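> Annotation comment: Swiss-Prot describes 280, 354 as active site, evidence class sequence analysis. Feature annotation from Swiss-Prot assigns Mn(2+) 2 binding site to 268, 273, 291, 352. The Mn(2+) 1 binding site annotation in Swiss-Prot covers 273, 350, 352.
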């Protein structure tokens, strides 16, 4: 968790003050090593010369996301000076504020630090300071609750106290509260993805999602008997090989006008995916505890929205199952009847996530009549082959929604790339024996999977995010060192903030 970090805000005038001369003072420089006026004042007349001499000795060039640590000069109220590089003027013009916050937090881990957000040519805004704080919080996250033997330096993984100093510190403090709400949502999602499947089975996942009621979210949990009444033959088939019964959790945040249709966020929640009868190879199967990354993102997003009292109506829905093989498991060649009435020939029991989504989407459309649907799922290995582990695949039937999601991804760094949906992909899932089959062959696997889901969204604007490459075991970044990334929470929050909240 990121519980060890405390972030406050203060005026630039505090740059030269410190508790008993202890802790760190953090200043920023570009590739010309110039200090901002507040940093110069804090360091005194010889400060710039001190930094220049230390930089020359250590071959520090002020490159973006580089750092230099040295003993602080006398009288600055700190015992260590940390100089963080911002790069060239071009680099500074496109500063990634969460990344800068995460990098800075990593350089002052376990210490008290005053961070002077001031450098030549830039007046740091409250919003930018909030993004900086968000990155710092996310960087300090660690999932170590099951480790009984901590490393000797374990305490150095979190910041004791970080005070961000800038001109508009009052507004920045308000932005910091928003950053805390958002980071809490991301951290919740990371925790869920990182949990082992013997702990996070469907009923336990549903229990944790239900805790959002404390924030004012309305919770409804569907158990198997109710699913059978609704005719959810697709989802129930996936679950029938497991001793752990499935759950569907419906989470409603009613922050907008009562008559306004909600935005629906839908997540695949396969808490462990063995592949079922079409069992996966042993190598890497342990990663399949993360096959619920889409559901985790939806829960995290609802947490963030409710915590900041978002002015909109949002319904989150997650289908939680375990896909296991036993004598009662569903089989290749089975024909299932989904809640929509459409029939599905099972070709591969390891193509289970789309079956779960089909019934959850139908239920959400019928019960809430959403204005738009965004589903998130760790759906296919094919999307990793196509896009790697830095970007998610997006499929959509609506250009406006797709454009808005793309913009939210660019703004947050949770980037998406739109993939094609053409009739040929839809034709590939036609079945000789049922309305459709659950796989479309070897080629274009991500697209045929999306085409399957598309058959269930009716005429609602819809986007499908295949997050198999980014939700777990993705490339490390300045704001994430966790196996479970919590990917999607920030994107969904930004999408709703920019396009669905009342102004």
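In case you wondered, yes, glycine gets a Cβ from its N, Cα and C as well.
Have a look at these and tell me how they're positioned relative to everything else.
Proximity of residue 280 (active site) to non-local residues of its own chain (separation of 6 or more, Cβ distance below 8 Å) is seen for 273, 274, 288, 350, given in sequence order.
Shown in sequence order, 377, 379, 438, 449, 452, 453 are the residues of the chain, 6+ apart in sequence, with a C-beta less than 8 angstroms from the C-beta of residue 354 (active site). Mapped onto three states, the DSSP output places residue 354 (active site) in helix.
Listed in sequence order, 268, 270, 271, 272, 273, 353, 378 are the same-chain residues six or more apart from residue 291 (Mn(2+) 2 binding site) with CB atoms under 8 A from its CB.
Counting every protein chain shown, 26 other Cβ atoms lie within 10 Å of the Cβ of residue 273 (Mn(2+) 2 binding site).
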> With an 8 Å cut-off on Cβ distance to the 273, 350, 352 Cβ center, who else from the chain surrounds the Mn(2+) 1 site?
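After dropping the recorded site residues, what remains is 238, 270, 274, 275, 276, 278, 280, 288, 291, 323, 349, 351, 353.
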> According to DSSP, does residue 268 (Mn(2+) 2 binding site) sit in a helix, a strand, or coil?
strand
> Output the one of 350, 352 that, of all these binding-site residues, has the highest number of other Cβ atoms within 10 Å of its Cβ.
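The largest 10 Å Cβ neighbour count belongs to 352.
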> Specify all same-chain residues, apart from the site residues 268, 273, 291, 352, whose Cβ lies within 8 angstroms of the center of the Cβ atoms of the Mn(2+) 2 site, ordered by sequence.
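For the Mn(2+) 2 site, the extra neighbours are 238, 269, 270, 288, 292, 321, 323, 353, 356, 377, 378, 379.
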